[in-house]
Amino acid sequence: MPALRPALLWALLALWLCWAAPAHALQCRDGYEPCVNKGMCVTYHSGTGYCKCPEGFLGEYCQHRDPCEKNRCQNGGTCVAQAMLGKATCRCASGFTGEDCQYSTPHPCFVSRPCLNGGTCHMLSRDTYECTCQVGFTGKECQWTDACLSHLCANGSTCTTVANQFSCKCLTGFTGQKCETDVNECDIPGHCQHGGTCLNLPGSYQCQCLQGFTGQYCDRLYVPCAHSPCVNGGTCRQTGDFTFECNCLPETVRNKRNRALGKRQASLEWKRTR
């Protein structure tokens, strides 16, 4: 069999592609609607079809929202939709660059890329910028390692970074580089008055008062009925320098007796049923 010439092979290949293409292309048929989002299937003379999409949709089957519907391109940039992918890019006007055309060409964010260690540069004005640093870095240009990550401040204190150094702001009652040391307030005399004893606590202290005195610093005389210790309308009566008794309302006494009687009867009933 004689060998086929290259030109004939190309012609046969092209003919095959023409016949085979409709089998793989979009088909508009009765009872079959390939287009979504109210797209309309339109048939070519060759028998193949395409989806005519309504405003706001694109893609082979109108399956994508138009990414240019909300144009994010700044400074006069033009939004260019990639229909098959449902994505968009910005074609920037002269003098601007960036994914959204947000940078002027000579802006530091674009020219010198000042934000280090993966930081993101944000343009504040034509000549100024601000860096948003990745976790673990700090500084105007994210040039410092965040020392607070490796130096934890203790006892609820707050860590701040200055350059590549850390500083702990301690809560009252603690001291030390990392606020790890409890301040013993009892080392300073005079906290507790009238012979009260100072008891050191973590981050604080407490005064244990002598009989006859009360208050945070044992600075007030103890009056038994001063703080109205009796509840449910009872009346406090001082019986001594440091003692008192409560005179309860009759209804309160009766309720207590009834509750006690009820508990006793319930106990007897329970014993009878055993």
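Quick reminder: no glycine exception, Cβ is built from N, Cα and C everywhere.
Of the listed cysteines (C225, C248), only C225 is recorded by Swiss-Prot as the disulfide partner of C236. If you take the C-beta of C207 (disulfide bond) and look for same-chain residues 6 or more apart in sequence within under 8 angstroms, you find H191, C192, Q193, G196, T197, C198, L199, G215, Q216, Y217, C218. Under DSSP, C142 (disulfide bond) is assigned to coil, being neither helix nor strand in the three-state scheme. Listed in sequence order, L26, P34, C35, G39, M40, C41, V42, G59, E60, Y61, C62 are the same-chain residues at least 6 apart in sequence whose CB falls under 8 Å from the CB of C51 (disulfide bond). Residue pair C225 (disulfide bond) / C148 (disulfide bond) shows a Cα separation of 53 Å. If you check the disulfide-bonded residues C142, C153, C159, C236 against C170 (disulfide bond), the ones with a Cα inside 10 Å of its Cα are C153, C159. DSSP assigns C133 (disulfide bond) to coil in the three-state reduction, outside any helix or strand.
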